[in-house]
Every structure is written in structure tokens, then in C-alpha cells.
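J.: Have a look at the structure that comes next, please.
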Amino acid sequence: MTFIKFIGKTIGVTGYVLQYACLTHCTFEYVGDFVMCSGPSMEPTLESNNILFTEHITPRLQRLKRGDIIIAKSPVNPKQNICKRIIGLPGDKVRGHFPKRSQIVPHGHVWLEGDNSSNSADSRGYGPVPQGLIRSRVVCRVWPLNKMCSLTEY
């Protein structure tokens, strides 16, 4: 009987572990997650190795607004994520880098730029970015602790 109790407890614990694993996966996939920022393109707002909390609901509901900082798949390298600020929404007139003339952001796209304009590969180089590439919206910086702050009030 002891072996049967052991098997029963093992199955019970395994069930709880699987439930929590599923809950954690769904939370990180559909609600929000943590992202480490790297590169100089968002300086001085964000620096390399900052850890950010991001949420996935706003992009899914297409409620993004101008000024939001987002995490997106790079339009030139899909294996890489980028962290940029939304400068233009569909229908907005924005100023491109090459050629130096204004253009309209097409439907279903956004115009992304880094805060460090002299050191950022962004929409000025590769053009408007499809909204489908946006993974999440940055809510706050959580690391380093002495620089923890909300990043949604711009």
C-alpha cells in the first residue's frame, strides 16, 4: 500500500506542477512578460541590460498610441526583437530618412524610431513596420532597481 500512496502523491504533485506550468506559459504568452533591452537605440530613456515588464494585451486589441515604447520582431531580421517608440500611426504624415521627404504611414503599419536618433536602425531606414510584428508594449523598467519607473506616461 505504501507504493500505491507514493504513486498517488507523485501523480498529484505532477498535476499541480503541470497546472502551474500551463498558467505561467499562458501568462507570459498572452498577458505580459519580462524583456532585457540591449543596444544604444533607446538611450537615454533605456540603456543596455535594462529589464522591462511588457504587456501583450494592448497590441492584440490594436490600442497602441503615439509615444508608446514597443517590442517588435525586426523587419530586417525576424530572429531579432527590437525596442522602439511609436512615432506614427496609420494615416500619419512622417518624415523619412531616405529619401528626405514626407510619407504617409499605410494602414496596418506604424512608424518606429529609437530615442537615440543618431544611433538607431529604425523606420527612417527600413520604412513603416507592419503592426503584426509588434509583440508587446513596454509598461515599466524593473531593473536596475534604482531606475525602476513607469514608461507609459509619454
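Glycine residues also receive a Cβ, built from the backbone N, Cα and C atoms like all the rest.
What TrEMBL records for this protein is below:
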type: DOMAIN; residues: 20-95; note: domain 'Peptidase S26'
type: ACT_SITE; residues: Ser41; note: active site
type: ACT_SITE; residues: Lys84; note: active site
type: DOMAIN; residues: 102-143; note: domain 'Peptidase S26'
J.: Please report the Cα separation of Lys84 (active site) and Ser41 (active site) in Å, rounded to an integer.
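T.: Given the Cα positions, Lys84 (active site) is 8 Å from Ser41 (active site).
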J.: Counting across all protein chains shown, how many other Cβ atoms sit within 10 Å of the Cβ of Lys84 (active site)?
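T.: Result for Lys84 (active site): 26 neighbouring Cβ atoms inside 10 Å.
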J.: Is it possible to get the count of other C-beta atoms within 10 angstroms of the C-beta of Ser41 (active site)?
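T.: Other Cβ atoms within 10 Å of Ser41 (active site): 23.
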J.: Could you give me three numbers for the domain 'Peptidase S26' (20-95), the DSSP helix, strand and coil residue counts?
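T.: Result for the domain 'Peptidase S26' (20-95), in helix, strand, coil order: 16 helix, 26 strand, 34 coil.
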